[in-house]
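These come from Swiss-Prot:
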type	residues	note
ACT_SITE	Tyr23	active site, proton acceptor
ACT_SITE	His99	active site, proton donor
BINDING	Asn73, His79, Asp86, Leu100, Ser101, Arg110	substrate binding site
SITE	Arg18	site 'Transition state stabilizer'
Amino acid sequence: MGKIWVLHGPNLNLLGRREPDKYGTQTLDEINNELLHKAHTAGIPIQVEQTNFEGELIQWIHSMGPDDFLIINPGAWTHYSYAVRDAITSVQVPTIEVHLSNIHAREEFRKTSVIAPVCCGQISGLGGKSYSLALDYALEALTQK
């Protein structure tokens with residue numbers, strides 16, 4: 001059975017104090033703890049990481065196995081990182097892109113995702129619930145294999 005990876009991109013370490021009107025007051029630790037608890041309860045291995053360095057994120061993606069599942073919030077890399085997109089394509093694992101805020105209702109430059117076309121889905125605008133819903137899907141997908 002594969003592992004679920006949850007990768008958080010740049011500035012997400014500041015959740016809870018960074019623009020709470022857009023991202024809410026829930027901290028990254030609170031989100032991660034909910035995800036860890038849910039996955040452990042289901043008996044599915046999970047690894048959760050956050051980085052502000054694009055190369056580090058890409059290395060984690062490269063280390064994924066063929067039976068793994070990726071939940072990723074690429075942060076600002078969503079809009080321009082073809083390197084992250086290519087990394088996801090190269091490992092060919094099912095991927096869901098998540099965002100706390102509704103990127104389609106924000107500034108024009110945020111409405112474009114270069115990551116979404118290589119994902120099986122995108123969930124945005126539901127705060128921390130975006131991650132929880134993505135995890136529900138990943139758990140179902142892994143237990144049906």
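Every residue, even glycine, has its Cβ placed from backbone N, Cα and C.
For the binding-site residues listed here (Asn73, Ser101), the lowest count of other CB atoms within 10 A around the CB belongs to Ser101. Sequence-distant contacts of His99 (active site, proton donor), defined by Cβ-Cβ distance under 8 angstroms and a gap of at least six in the same chain, are Asn73, Thr78, Gln122, Ile123, Ser124, Gly125, Ser130. Take the recorded positions Arg18, His79, Arg110: by the count of other Cβ atoms within 10 Å of each Cβ, the lowest one is Arg18.
Counted within 10 Å of its Cβ, the other Cβ atoms near Leu100 (substrate binding site) come to 23, all protein chains included. A C-beta separation below 8 Å, combined with a sequence spacing of at least six in one chain, links Asp86 (substrate binding site) to none of the other residues.
Whole-number maximum of the Cα to Cα distances across the substrate-binding residues Asn73, His79, Asp86, Leu100, Ser101, Arg110: 24 angstrom. According to DSSP, Asn73 (substrate binding site) is assigned to a strand segment.
Arg18 (site 'Transition state stabilizer') is 19 Å away from His79 (substrate binding site) when you measure Cα to Cα.
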